[in-house]
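Asks: Swiss-Prot feature annotations, pasted as is:
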BINDING   155, 162, 215, 228  substrate binding site
ACT_SITE  338  active site, proton acceptor
């Protein structure tokens with residue numbers, strides 16, 4: 001087995017892929033009207049909506065902040081989509097190479113069964129339409145730190161359902177890509193996903209952090225399932241999707257109550273994941289530094305910490321990077337900040 005096969009999950013199909021790209025736009029911007037390259041739109045703001053198709057593009061709003069002046073729209077672009085549709089509540093659009101989809105399940109006293117059905121439908125759609133390489137998922141979970149009707153934390157309830165879908169589909173947790181599981185202020189659970197018809201997908205781990213699906217049961221009856229990053233593309237290029245990254249070493253939260261310390265460790269973890277040594281270990285030849293990361297979403301639990309997090313990020317990220325700060329809850333109650341991004 002190659003080094004890539006030992007250290008990172010590599011899957012390849014024969015079609016060359018150059019991954020879609022993201023832009024952050026002002027919600028309601030007239031620039032979005034009539035743009036035939038739009039693959040999907042996610043509005044981040046102070047309310048939520050059901051998923052829909054607008055001009056052939058999947059669209060939804062997630063309640064991920066608490067002030068209207070912090071709202072923005074995450075716009076995904078690719079070639080002009082060749083087809084779009086709705087299946088089992090999933091709004092999707094596809095090009096020859098990519099599939100982008102959005103699905104939501106409403107608020108409930110229990111989420112495991114609904115989450116299992118949601119992910120089962122996502123897996124079935126990617127297979128039936130011919131996009132077997134799931135490259136990135138985002139999960140926005142309302143009341144993520146509250147308890148469900150059985151007294152189980154909602155995030156843990158969600159993880160049980162996602163794991164059930166993998167069990168039922170015979171899917172190896174190591175094949176699950178980069179992901180975000182983050183709080184929302186309402187709206188149930190919204191899942192956004194990107195899949196590819198072909199190319200190469202390599203899941204990347206962090207040598208300083210335990211692989212998520214190996215977490216001990218102290219974090220819940222079923223562990224989360226995601227890679228720390230996923231590289232997608234042809235051998236000569238590609239895009240690196242970086243999961244929401246926190247102040248965790250091993251499997252433990254560090255710097256309890258200290259948002260500066262947690263933010264610094266989160267950025268250290270991100271730098272470690274995308275660095276040349278770690279990527280080579282996984283079979284990706286080109287390394288990166290934090291200055292290469294763009295289109296970052298930074299999730300901050302406490303509003304009073306927003307300015308501190310903004311300063312820490314500004315000191316370590318590129319001055320030209322698009323960075324959006326969102327005031328929302330995080331999967332672990334002792335985590336104060338998580339950071340995600342991507343590298344072209």
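Each residue, glycine too, has its Cβ placed from N, Cα and C.
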Asks: Select one residue from 155, 215: among these binding-site residues, choose the one with the most other Cβ atoms within 10 Å of its Cβ.
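Replies: Selected residue: 155.
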Asks: When DSSP states are folded down to helix, strand and coil, where does residue 228 (substrate binding site) land?
Replies: coil
Asks: Which has the fewest other CB atoms in a 10 Å radius around its CB: 162, 228, the listed binding-site residues?
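Replies: Among the binding-site residues 162, 228, the lowest count of other Cβ atoms within 10 Å belongs to 228.
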Asks: Measuring Cα to Cα across 155, 162, 215, 228, which the record gives as the substrate binders, how far apart are the two most distant ones in Å?
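Replies: Largest pairwise Cα separation, rounded: 18 Å.
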Asks: Measuring Cα to Cα, how many Å separate residue 155 (substrate binding site) from residue 338 (active site, proton acceptor)?
Replies: 15
Asks: Between the residue listed as 'active site, proton acceptor' and residue 215 (substrate binding site), what is the CA-CA distance rounded to a whole number of Å?
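Replies: Cα of the residue listed as 'active site, proton acceptor' to Cα of residue 215 (substrate binding site) measures 18 Å after rounding.
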Asks: DSSP on residue 215 (substrate binding site), three-state: which is it?
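Replies: It is coil.
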Asks: What does DSSP say about residue 155 (substrate binding site): helix, strand or coil?
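Replies: The three-state answer is helix.
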Asks: Which three-state DSSP class does residue 162 (substrate binding site) fall into?
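Replies: Assignment for residue 162 (substrate binding site) reads helix.
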